[in-house]
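Asks: According to TrEMBL, the protein has these features:
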{"type": "ACT_SITE", "residues": "Glu108", "note": "active site, nucleophile"}
{"type": "ACT_SITE", "residues": "Glu112", "note": "active site, proton donor"}
{"type": "DOMAIN", "residues": "15-223", "note": "domain 'GH16'"}
{"type": "CARBOHYD", "residues": "Asn116", "note": "N-linked glycosylation site"}
{"type": "SIGNAL", "residues": "1-29", "note": "signal peptide"}
Amino acid sequence: MAACPRIAPYLTLLVSISIFFSSSSCGAAAGNLKDDFEVTWAAENVRFEDGGEALQLVLEPSTGGAGFASKDYFLFGNIDMQMKLVPGDSAGTVTAYYLSSETSNHDELDFEFLGNSSGEPYILQTNVFSNGTSGREQRIFLWFDPTADFHTYSVTWTQQRIVFLVDGVPIRVFSNNEAAKGVPYLNKQPMRVFSSIWNGDSWATRGGQVKIDWAHAPFIASYRNFTVAESACVKATSAAACSAQAATIPSSTTAVGEQQVDTGRLQWVESNFMVYNYCTDQARYPIVPLEC
Ligand SMILES: *[C@@H]1O[C@H](CO)[C@@H](O)[C@H](O)[C@H]1NC(C)=O
Ligand SMILES: *[C@@H]1O[C@H](CO)[C@@H](O)[C@H](O)[C@H]1NC(C)=O
Ligand SMILES: *[C@@H]1O[C@H](CO)[C@@H](O)[C@H](O)[C@H]1NC(C)=O
């Protein structure tokens, strides 16, 4: 277990609350993937390495995919994972890294990495489900080769907004528009962290034109250094237990982890790397979605 990173500076002013957070919010802080995650799909293709310091998800034809999920539920927090994506010919593969509440009106935050032919760029698709409603896809190219090394993919999730980040650069913001516009926000349902790899060749690469080439299997995505900080709730027992714990947070701390968004860098991503934004897809949404 690593030390708890990034405690909000203002918390140090609030001594009792600071104790509350430093004891409960760092429970799942970085470390051993074998302790933090359980296999959800194809145990033989979820490989814990170095005693759980690293993990590989393997896609090969016999199982058609593999996946894992965190044992803990989280409500709010800074949640980071380092990933290295399938190298070489990854066309048709989808590697998904996401948070989900798994309920009928579920909340979900998605990073979906759409593979490509050797040398062609991956697409990173993000999506947000709130209270069961989604259809909020955005797609970007990355400014580096995500198969060459590990990079950090993060969600910072507070009462005010959710920011998706890549290596600390904001790529997307979903703000809390519940009071202002009646758009349900992700503030009630604890979520678990999931990842899976599967064959998405009906749609993933060039709109489904490029199929998976099983001659190039196994396709392997790698993970390390999962870190959670400043979470209002970390519970391994159940989502309900997490909600109950979060409900005990003093209202004076509703600004948990309040953050500044680097809008300059966000605009840099949007101008240079964005290839699709549901907010500007008028054929699909003749009426612009409220949160856009
Ligand atoms: C979430 O969806 C349920 C069922 O559709 C609805 O009853 C509830 O009012 C919704 N919540 C919000 C905050 O919109
Ligand atoms: C794959 O590469 C092609 C050609 O560069 C590009 O048009 C496409 O957006 C890339 N990504 C996916 C997922 O198809
Ligand atoms: C592990 O992740 C934390 C949080 O993102 C980061 O501060 C730290 O530098 C990472 N460690 C390594 C070895 O990359």
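Indices start at 1 and increase along the chain as displayed.
Using the three backbone atoms N, Cα and C, a Cβ is placed for every residue, glycine included.
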Asks: Under DSSP, is Glu108 (active site, nucleophile) helix, strand or coil?
Replies: strand
Asks: To the nearest whole angstrom, what is the C-alpha distance linking Glu108 (active site, nucleophile) and Asn116 (N-linked glycosylation site)?
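Replies: Computed Cα spacing between Glu108 (active site, nucleophile) and Asn116 (N-linked glycosylation site) is 25 Å.
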